[in-house]
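Participant: Submitted below is the structure of interest, expressed as structure tokens.
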Amino acid sequence: MAQILDGLKVSKEVKAEIKEEVQKILANKRRAPHLVAILVGNNGASKAYVNSKVKDCEEVGFSSSLIKFPSTVAESELLEKIEELNRSKDVDGFIVQLPLPKQIDQEKIIMAIDPRKDVDGFHPENFGKMALEMDTFLPATPFGILTLLERYNIETKGKNCVIIGRSRIVGKPMSILMGRKDFPGNSTVTLTHSYTEHIEEYTKEADIVITALGDPYFLKAEMIKEGAVIIDVGITRVDDDSEKGYHLAGDVDFDSCAEKASWITPVPGGVGPMTRAMLMKNTIIAYKTSVYND
Ligand SMILES: Nc1nc(=O)c2c([nH]1)NC[C@@H]1CN(c3ccc(C(=O)N[C@@H](CCC(=O)O)C(=O)O)cc3)C=[N+]21
């Protein structure tokens with residue numbers, strides 16, 4: 001029976017450490033770190049995530065601002081706001097919640113963010129630095145997974161790590177990070193995706209499987225090796241008759257996989273809360289390295 005990689009618990013530890021740092025900052029009569037989130041449109045899940053980021057900021061003692069635009073916003077208006085935040089001396093970091101409406105070129109928006117304030121770690125400059133193992137903001141979800149592996153002391157060196165999904169915010173950066181030269185890296189990485197044939201032939205050989213697909217219950221016990229470490233990044237809202245009207249489903253068939261794995265992340269309470277905690281971590285890193293705070 002697998003042990004749980006408890007993202008909720010570790011996220012609370014990470015946030016408590018950040019809160020302590022903020023208290024020291026305030027004791028030195030400096031302003032608190034400030035995170036800004038931009039939300040475009042009315043998507044239920046996006047609203048929920050952004051609201052939880054504001055809540056996390058309160059919890060660790062950051063200032064936060066939420067800037068909302070209608071889904072019809074012009075790209076130019078969004079770019080103007082980004083320029084303003086880039087210049088603002090009291091904003092340490094900001095994020096533009098994805099996905100964006102179709103009329104907006106996502107790459108153009110990400111490129112406009114000052115890399116020093118890009119606490120999502122999505123800007124190509126930061127992605128490149130990450131790939132070259134230079135100091136930079138790591139994207140929050142991969143950073144959260146690394147932190148979980150680190151805090152539970154999961155051996156990654158020399159292990160076969162299979163990643164499912166090659167998105168720019170999870171699969172692709174994760175594939176780079178698991179192969180890097182320090183802990184928790186040094187894995188032999190296989191990046192699988194929608195064109196991978198016979199995916200189970202890869203997952204069956206994996207010591208570590210990281211799924212980032214958004215396909216509920218995709219990974220079944222028959223597809224994994226005895227003793228594997230299973231990291232479930234998928235969080236899909238599945239409609240049901242409950243009061244909320246939906247429940248959250250991971251990419252992993254948890255009940256069957258938990259009998260075979262050595263370690264496994266739950267959904268909810270696994271990678272999701274870690275993602276949120278690492279955004280706070282990146283924000284305090286931005287604050288500390290900010291040219292305005294030296
Ligand atoms: N610019 C940008 N940055 C992001 O980091 C970003 C984004 N856009 N767009 C959407 C994805 C998704 N994402 C999640 C964060 C936390 C949970 C989370 O806390 N999940 C809880 C459950 C929350 C619930 O009840 O819905 C859990 O897994 O326990 C999930 C998903 C960040 N994203």
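Including glycine, each Cβ sits where the backbone N, Cα and C put it.
Unlike curated entries, TrEMBL annotations are predicted automatically.
Positions annotated as domain 'Tetrahydrofolate dehydrogenase/cyclohydrolase catalytic' by TrEMBL: 5-120. Annotation comment: TrEMBL describes 139-289 as domain 'Tetrahydrofolate dehydrogenase/cyclohydrolase NAD(P)-binding'. Taken from TrEMBL, the feature NADP(+) binding site covers GLY165, ARG166, SER167, ILE235.
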Participant: Just how spread out is the NADP(+) site if you go by the largest Cα to Cα distance in Å among GLY165, ARG166, SER167, ILE235?
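Facilitator: Roughly 16 Å, rounded to the nearest whole number.
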Participant: Note down the number of other Cβ atoms within 10 Å of the Cβ of ARG166 (NADP(+) binding site), including every protein chain shown.
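Facilitator: A count of 18.
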Participant: Which binding-site residues out of GLY165, ARG166, SER167, ILE235 lie by ligand 1, going by a Cβ under 6 Å?
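Facilitator: Near the molecule: ILE235.
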Participant: Just give the helix, strand and coil counts over the domain 'Tetrahydrofolate dehydrogenase/cyclohydrolase catalytic' (5-120), going by DSSP.
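Facilitator: Once the DSSP states are binned, the domain 'Tetrahydrofolate dehydrogenase/cyclohydrolase catalytic' (5-120) shows 61 helix, 19 strand, 36 coil.
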Participant: Which residues in the same chain, at least 6 apart in sequence, have a Cβ under 8 Å from the Cβ of ILE235 (NADP(+) binding site)?
Facilitator: GLY214, LEU248, ALA249, GLY250, VAL267, PRO268, VAL271, GLY272
Participant: Within a 10 Å radius around the Cβ, which one of these binding-site residues has the most neighbouring Cβ atoms: GLY165, SER167?
Facilitator: GLY165
Participant: Summarise the model's confidence over the domain 'Tetrahydrofolate dehydrogenase/cyclohydrolase NAD(P)-binding' (139-289) as a mean pLDDT value.
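Facilitator: In the predicted model, the domain 'Tetrahydrofolate dehydrogenase/cyclohydrolase NAD(P)-binding' (139-289) has a mean pLDDT of 97.
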Participant: Please classify the secondary structure at SER167 (NADP(+) binding site) using three-state DSSP.
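Facilitator: Coil, per DSSP.
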